[in-house]
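Engineer: Got a structure here, written out as structure tokens. Questions coming.
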């Protein structure tokens, strides 16, 4: 009876962590909205790049496939978060294609077709593997690698913050949402005994902590510099 109670508590904790992760991820998914409002208002993509949305779309589709019962077990929260994420990324890509120039339009359409082709190969190839354990390993490593590369992208921003000693390019709420989402899915993976979930999200959690620490340090320094300015400037 105690074992059943423990398993029930574990399942409940996993669901709570998964729901929290979905909520925090939604904050990340809507964060590019101001950029795309600007694109639609100006009817131009200006100097913005569409590549991050292509890669995020690919990542969501791979992780969505990993979360299905064909590959792993009891990963409903992975399916929900990645299906919502894929929908948002596809929406951003379509808006980008509609407002970019002909050269970029052809490039983005080509990359979008490549994404569908790659995912199609992964899905068809994994279904050809009869052993479920081997299939889980195959797609799991792809999903894990994709997530790790996504979480590694903030390293560029971290490097920029250290070089410029400014948090201008690292919004606080974006860093906080990334940390909270990663921490939630780290717990979700641990409660579900899924190394392909808790390993990349553990890395994401550490990077999120680094970003928040840097923000606090450099933001505090900038405030300290501002307080050194005289409150009353004499022009005599």
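Quick reminder: no glycine exception, Cβ is built from N, Cα and C everywhere.
TrEMBL lists these features:
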type     : residues : note
TRANSMEM : 16-36    : transmembrane segment
TRANSMEM : 48-67    : transmembrane segment
TRANSMEM : 79-97    : transmembrane segment
TRANSMEM : 109-130  : transmembrane segment
TRANSMEM : 136-160  : transmembrane segment
TRANSMEM : 172-191  : transmembrane segment
TRANSMEM : 197-218  : transmembrane segment
Engineer: Tell me if the transmembrane segment (136-160) touches the transmembrane segment (197-218). I count contact as 3 or more CB pairs below 8 A, with pairs 6 or more residues apart.
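Structural biologist: In this chain the transmembrane segment (197-218) contacts the transmembrane segment (136-160) - 3 or more Cβ pairs sit under 8 Å.
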Engineer: So which of 16-36, 48-67, 79-97 is most in touch with the transmembrane segment (172-191), counting Cβ pairs under 8 Å?
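Structural biologist: Comparing 16-36, 48-67, 79-97 against the transmembrane segment (172-191), the winner is 16-36.
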Engineer: Using a Cβ-Cβ cut-off of under 8 Å, list the residues of the same chain that are 6+ residues beyond the ends of the transmembrane segment (79-97) and lie near it.
Structural biologist: 18, 21-22, 25-26, 29-30, 32, 36, 39-40, 45, 48, 50, 53-54, 56-57, 60-61, 63-64, 67-68, 105, 108-109, 112
